[in-house]
Amino acid sequence: MTVCWILNESMSTVVVLSWLAVNFYLFIDTFCWYAEEEAFFYTRVILGSTLAWARASAVCLNFNCMLILLPVSRNFISLVRGTSMCCRGPWGRHLDKNLKFHKLVAYGIAVNAVIHIVAHLFNMERYHLGQAKDAEGLLAALSKLGNAPNESYLNPVRTSSTSTTTELLMTISGITGLVISLALILIMTSSTEFIRRTSYELFWYAHHIFIFFFISLAIHGGGRIVRGQTPESLRLHNVTFCREHYAEWEAAALCPVPQFSGKEPSAWKWVLGPVVLYACERIIRSWRFQQEVVITKVVSHPSAVLELHMKKRDFKMAPGQYIFIQCPSISPLEWHPFTLTSAPQEDFFSVHIRASGDWTEALLKAFGAEGQAPRELCNMPRLAVDGPFGGSLTDVFHYPVSVCIATGIGVTPFASLLKSMWYKCCESQSLPELSKMYFYWICRDAGAFEWFADLLLSLETRMSEQGKADLLSYHLFLTGWDENQAIHIALHWDESLDVITGLKQKTFYGRPNWNDEFKQIAYNHPSSSIGVFFCGPKAMSKTLQKMCRLYSSADPRGVHFYYNKENF
């Protein structure tokens with residue numbers, strides 16, 4: 001089982017381990033440098049080991065802040081997926097874990113921020129102790145530097161009469177550090193699933209505090225609180241000898257008064273590239289928002305499903321991609337992802353939206369899909385569309401064998417794929433990499449099959465005519481029915497066509513036995529790379545992921561299942 005998991009998740013494991021390794025390397029290397037560097041010997045006399053803790057965590061903070069924006073740059077990820085051959089098939093599916101990596105990096109920022117804050121609180125307290133009346137020896141001598149002309153200070157706290165909090169709020173580093181801390185707390189606490197579901201606008205507003213976070217981060221080091229001995233002073237002032245003769249610094253020619261300076265701010269150098277990239281991302285999104293979206297058709301389906309056909313200038317898509325939709329009349333802030341159900345060969349793009357929350361229910365109501373009188377197309381609410389973006393399903397055609405599994409409205413991503421297959425069959429085009437597709441749809445409402453059955457029927461007919469009947473094997477499972485439906489099904493069981501869908505393939509009743517299904521697929525395709533694509537709830541996702549690990553061979557020459565889940 002462990003070997004299969006490594007084979008299936010090798011790239012994700014490598015990425016996470018590499019991220020951890022870089023963090024540990026940066027932390028340990030920086031810690032050791034500040035713990036041993038001669039230029040910071042006198043700084044360590046005042047601060048002790050907390051100097052190294054503060055600086056090491058700062059470098060790791062910069063590194064993670066450099067990474068945090070990359071996973072949420074959707075256009076950048078789509079570009080990488082579309083232009084790089086190595087990001088297709090089994091390798092490309094790891095790009096769909098971008099939000100998981102975004103969260104992982106956020107945890108890294110939080111951990112290092114806590115270490116950095118705690119270390120600097122100790123540092124400020126020790127700076128204060130250096131100015132205390134009972135301070136003596138080298139500590140007192142270092143803290144008093146800067147009082148006389150031509151001396152540079154080492155201790156930024158110049159008097160013991162003020163509190164640590166006051167000293168912090170009187171510096172650039174202290175003020176920006178407070179802004180960074182508050183922004184981080186607000187962003188992380190508002191990112192919980194509960195907040196996102198109950199108050200999306202709170203999540204949206206809080207997340208956009210990242211603008212203040214990055215501005216404060218860029219200028220945080222401008223206060224230069226942590227100071228070290230200048231290179232010129234190190235040449236004239238031998239620390240090893242002079243630290244024992246601090247009382248004679250002004251008089252002895254061998255030990256002139258040491259000079260200190262703050263380190264140049266470096267955080268902006270780490271984050272400049274990703275911030276510029278993300279700024280370009282937002283400019284592209286804003287430009288797309290301004291483009292007109294024309295609604296050409298509105299269809300209300302059973303089970304509270306709304307189908308929208310739209311057109312937009314220069315809109316180009318690929319099967320399996322998704323878009324973000326905003327309806328300003330419902331909420332000027334909320335953008336929601338929906339997979340495209342149209343094919344690239346069609347002169348429009350479409351989505352199917354099921355009522356499953358406040359926003360989607362309001363949208364169905366606005367378009368007259370919940371029992372209201374149908375509205376004229378010219379009176380429909382305005383929609384804004386951002387995308388399309390590449391998802392995991394764009395790789396379905398890049399495996400020799402693909403297994404597509406959907407539950408309920410989760411079937412919408414596969415509509416685009418199956419339509420594209422239908423058009424390719426009509427045009428007698430081949431699918432060079434794909435030789436077999438298995439399609440499973442599990443649904444509790446028989447009415448939900450209606451709008452999709454027509455597509456399967458036409459695809460079934462066309463592939464039979466083209467001699468490609470074996471290319472697609474589909475299995476529909478109905479998990480909910482009432483007594484009248486059961487009687488109707490029993491009376492027509494022996495008919496050649498299915499009583500619910502009208503297809504040759506009969507509908508199954510109940511839930512699939514995934515052990516049997518995966519065992520049979522593995523038996524049918526030994527030594528194959530099989531892509532498993534799923535859109536549905538988390539509980540089933542975990543089951544399918546377990547099946548992929550269980551039935552993947554430990555032998556590199558054997559069958560391997562690669563799990564892909566649709567993520568937004």
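The backbone N, Cα and C atoms fix where each Cβ goes, and this holds for glycine too.
The following features are taken from TrEMBL:
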type: DOMAIN; residues: 285-395; note: domain 'FAD-binding FR-type'
type: TRANSMEM; residues: 12-31; note: transmembrane segment
type: TRANSMEM; residues: 51-72; note: transmembrane segment
type: TRANSMEM; residues: 104-122; note: transmembrane segment
type: TRANSMEM; residues: 168-190; note: transmembrane segment
type: TRANSMEM; residues: 202-223; note: transmembrane segment
Can you give me the average pLDDT across the domain 'FAD-binding FR-type' (285-395), rounded to a whole number? 82
Stretch among 12-31, 104-122, 168-190 sharing the most Cβ pairs under 8 Å with the transmembrane segment (51-72): 104-122
How does the domain 'FAD-binding FR-type' (285-395) divide up by DSSP, counting helix, then strand, then coil residues? 22 helix, 39 strand, 50 coil
